[in-house]
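To start, the structure under review is shown below, and the notes come after it.
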Amino acid sequence: MVKYISILGSTGSIGTSALDVVSAHPEHFKIVGLTANYNIELLEQQIKMFQPRIVSVATKDLADTLRMHISANTKITYGTDGLIAVATHPDSNLVLSSVVGVSGLLPTIEALKAKKDIAIANKETLVAAGHIVTELAKQNGCRLIPVDSEHSAIFQCLNGENNKEIDKLIVTASGGAFRDKTREEMKTLQAKDALKHPNWLMGAKLTIDSATLMNKGFEVMEARWLFDIPYEKINVMIHKESIIHSLVEFIDGSVMAQLGAPDMRMPIQYAFHYPTRLPSSYEKLNLLEIGSLHFEKPDLEKFPCLQYAYECGKIGGTTPAVLNAANEIANALFLKNEIAFFDIEKTIYKTVEAHHNVKDPSLDAILEADQWARQYANQLLIKKS
């Protein structure tokens, strides 16, 4: 069966990898819609190659510029309404949500209402509104298929298994760019240092989140919703080689793991063609060449953001959305070299501490908490500077 796919975030790291997968298997995958933020040069190339029915960009000006360069066969939209139009296009049956940040939340929700299966790479959607998204998926008979390598690994390990027989999920982490640095050494490190990820090629925001281990915290929160497992049963393990993507330990002591080369095209292809597999020409894993694998506990004193994520996830309500929003603000300013690395964790902590949590929040309450946290975090950092 041919999958008709819309990609939210087609010019980012996940989006371009996804289009590589589509190019490799044109008999199985067709592109219906694409969205970009500001990179219309790359989007224009993608439009010419994949001939989508609809695309969306960030602003009306960018949409007008794009119209001058492409044929009238592709509808061009913009803004949040444009994202939603792509996500809900009637010709698609699978939506890859790979935009960065909480901007992926509304289009994902609308896609579920339109009964689309979701290949989910946008962590923040489940972090901020996991209870809403998972319930909508159930109500509409939609599948949430994970794309992150860690969640794809768990998803594959649990195929055919009974959730009641799970003892724990073990999410692996490379440790990020600063894994071998001391707290003292990290004080003066800048964005250019954090962007040198040891194993994966990722977007800038995600690479900074990896350096703070906030990314791993988000993945723990995501796993809680994807697999309906309490936080007490989700562990993190540092695995520097990024060969074992995650593990599941069962109540009888058996441990199942999924291994593969660190190439995002593999979990993307698995998600796109689920429930069956396709052959690929990507690098195959050779354990004899690797020789040995290493594991250690994460240092929560060195990387407190991981602990914050656990705590906020357990609190629930609007607190996870606040955690995410404060992180987005601080991350963006660190990327501009306007704040120090440790200001990220300080901003997150202070913003979460100041928040008045709303239990079992509506979507509106989550969005209000998100906006409040952005304003509060910005004010904290303005005062600091």
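Cβ coordinates come from backbone N, Cα and C, glycine included.
Within its own chain, Gly203 (NADPH binding site) has Gly12, Ser13, Ile14, Val100 as residues 6 or more apart in sequence whose C-beta sits under 8 angstroms from its own. Feature annotation from Swiss-Prot assigns NADPH binding site to Thr11, Gly12, Ser13, Ile14, Asn39, Asn122, Glu124, Gly203; the stated evidence is sequence analysis.
Annotation for Lys123 (1-deoxy-D-xylulose 5-phosphate binding site): same-chain Cβ neighbours under 8 Å, separated by at least 6 residues, are Asp148, Asn215, Phe218, Glu219, Met221, Glu222. Positions annotated as 1-deoxy-D-xylulose 5-phosphate binding site by Swiss-Prot: Lys123, Ser149, Glu150, Ser174, His197, Ser210, Asn215, Lys216, Glu219.
DSSP gives Glu150 (1-deoxy-D-xylulose 5-phosphate binding site) a helix state. When other Cβ atoms within 10 Å of the Cβ of Glu150 (1-deoxy-D-xylulose 5-phosphate binding site) are tallied across all protein chains shown, the result is 27. Annotation comment: Swiss-Prot describes Asp148, Glu150, Glu219 as Mn(2+) binding site, evidence class sequence analysis.
Distances between the Cα of Glu150 (1-deoxy-D-xylulose 5-phosphate binding site) and those of the binding-site residues Asn39, Asn122, Glu124 are shortest for Asn122. When every Cα pair among Thr11, Gly12, Ser13, Ile14, Asn39, Asn122, Glu124, Gly203 is compared, the largest distance found for this NADPH site is 22 Å. For the binding-site residues Thr11, Ser13, Asn39, Asn122, the largest tally of other C-beta atoms within 10 A is found at Asn122.
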